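As given in Swiss-Prot:
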COMPBIAS  1-11  compositional bias 'Polar residues'
COMPBIAS  92-105  compositional bias 'Low complexity'
COMPBIAS  115-124  compositional bias 'Acidic residues'
COMPBIAS  750-762  compositional bias 'Basic residues'
INTRAMEM  482-502  intramembrane segment
INTRAMEM  682-702  intramembrane segment
REGION    1-27  region 'Disordered'
REGION    86-150  region 'Disordered'
REGION    747-814  region 'Disordered'
TOPO_DOM  1-238  topological domain 'Cytoplasmic'
TOPO_DOM  260-293  topological domain 'Lumenal'
TOPO_DOM  315-481  topological domain 'Cytoplasmic'
TOPO_DOM  503-568  topological domain 'Cytoplasmic'
TOPO_DOM  590-605  topological domain 'Lumenal'
TOPO_DOM  627-681  topological domain 'Cytoplasmic'
TOPO_DOM  703-916  topological domain 'Cytoplasmic'
TRANSMEM  239-259  transmembrane segment
TRANSMEM  294-314  transmembrane segment
TRANSMEM  569-589  transmembrane segment
TRANSMEM  606-626  transmembrane segment
């Protein structure tokens, strides 16, 4: 769906004609999708008085000059100058009776009349509201947005303020089109013919700009996402510098590679080196090698990289000028974070709390009645309001990631290597095949297809009759991505090999064992271990806390006597040879002779062999010192307890991953090997990334494309509409009371089959009925135990039934409920929920887990937290979930993928990789 690209605050209109563009004009162009011009937060009004950001630097001087002449209050006469966050939560944004034009909240009236009569009804409504009423007087507004034209001018005169126009101008008083209005008129901003004359320039104070931005947001998802990534990027300066450094690294790798390949005369170097001729680097550089030596194909790709770098620089400029500056202004004046350095210490929970205090200052999120006589005025429907609490903010930021988490955990994506995998080659398995490269391609193909430009799910996916057509389109999208990856594969492989070499060489030189011995979680493990609605910084912190316990658990298992003894032998021999060479080099060193340059073999000096044997000694010594035998771990020490089972359970407190298949086997090597597939060696992950560049085209063509129908079905069946939030993933709503209708139908169908099979087998004897009752009680007790944070060890003690396949399906659905419970409990912990709330949730979850096995009633609203309600609590929402897909609300949008382009998708996913 194309979006209008509104003018930013720093743009000016043409001097003649209508200086402002029509809001209905389609500005979705190729360049706008690349540079992000269509991704702004609010659409400014047609008659809004624009200003020049270049004069913002004089704002403090103007305030100082005006304060010396008159003590003017920016927040209305007679009101205290208090911080916005300290004001009342139900503050009124409407103008006072003396302000013109008045801001009227959108009424609720039945659209039963013809469209031609709507304007007359609005005019009658506005006329009636402008007349004096006998109803109780309105409350005095606690906040009033002044007009910048009337506050600051060149002559320094201050005049009466007026309210800036809100986004919804349909229910505002019609603006006057009198072009002869004086500059001092309080309604001057409504005139489309106003121009700057006689050198008069107007500016809007930064705080009012931030308030206007917040009051007129139309894309809450994008604004909150940018707000979060600004917090995660630690401020504007760090974000800009990081982007510039990334581009400089790219330029250096390209330039340095081209110089080493075509810029040096290696033949001249080797010929003169053998003859001991004195040469310098200037003698080896080929003049004009870019023109004469570089092949035409390489020049073509270099030109493409140059265009890409230029586009990235232009994109960075627009992001800085139109996004980062506005976000910085918002943090400074509304979130009350004056310095970006504070973002390094402040918690996200605090930012969410301060953001929630602003909900009454936005027409989309405000739920406060602004008039005492509320019955005499039209008010907005609260059910359509945009929700704004910790859960809603996380759902908006993680809307796409929640679907990806569910796709990986439910094994919807088939990424197996069965046609290519060799049993003797176990470097790449089905879990390690998901690399960053493949992950980026999957996001590029799925997210840009399933979601529109507004961040919402495309309505066509939610309709069952579009399933086959959409599956074909997604299949074609996967195959197109495979072709592009196959064409670019040689160049991407060379680039990443050089990138990894330059990045890790210094680390390898200083600590050779760091590359061979360090472990980290694989990309597959990151999606498998991530909870729903878990923001990236929470997830990264949780994984970092698990690194130490995970290493301790792995080191408890012996690697094998052959490997340990062989490494001890290599360590001793390499250390002995290196020691002799170093001693001889120090002993025979004088002015005439240098043992360091002595050639032990032809062309190889002593220093070469010292570096080789030193590397072997460092690697083997580190490996043997951290070997996982009981002797090396010193069991006599009081700080060590050799208990792999307890260690793995401690690791699961951070990873939240302890599948039931591991129960009773936590001490075995098989479980340790399965865990090592998730927590693998860093060198293996790097090799997998390089091999994945070659395998990605085949996986996309043969495997991912075959899952197109399952992906479409997943988005249709596991999408829930929430009023004020839109369509979100079912598992992200933490709805434990009931499952979705589609899920419930499949689960009841499988349970019905298992019950019928058990009845047929137990109808002969009454003793078997007793066994089945015990079985059902065990299943119920299992569901209650699985509602806890850690997995129950008694899950594997269930009696074995003949219908193992249906039991496995039931356990799979049970695991999804369990993961939702874990995600919800960790969500409460991350945002500092009280113990009383946690106890209430635990008590509810026990009942819900008990009833979820035999529940067949219609779906009901999601879990409501017990306890006193607080409008400003982080978790104060009870969602009204609408499971019915209303076709009237599902307007046919642009076919997915038609207007997003490759470069536009690259721009969309670039900010998701910041901070990785």
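Every residue number used here counts from 1 along the chain in the order it is shown.
Every residue gets a Cβ built from N, Cα and C, even glycine.
With DSSP classes pooled into helix, strand and coil, the tally for the topological domain 'Lumenal' (260-293) is 20 helix, 2 strand, 12 coil.
For the topological domain 'Lumenal' (590-605), the DSSP-based tally of helix, strand and coil residues reads 3 helix, 5 strand, 8 coil. The DSSP breakdown of the topological domain 'Cytoplasmic' (503-568), given as helix, strand and coil counts, is 48 helix, 3 strand, 15 coil. Mean pLDDT across the topological domain 'Cytoplasmic' (627-681) comes to 78 in this model. If you look at the topological domain 'Lumenal' (590-605), the same-chain residues 6 or more away from its ends with a CB under 8 A from one of its CBs are 584.
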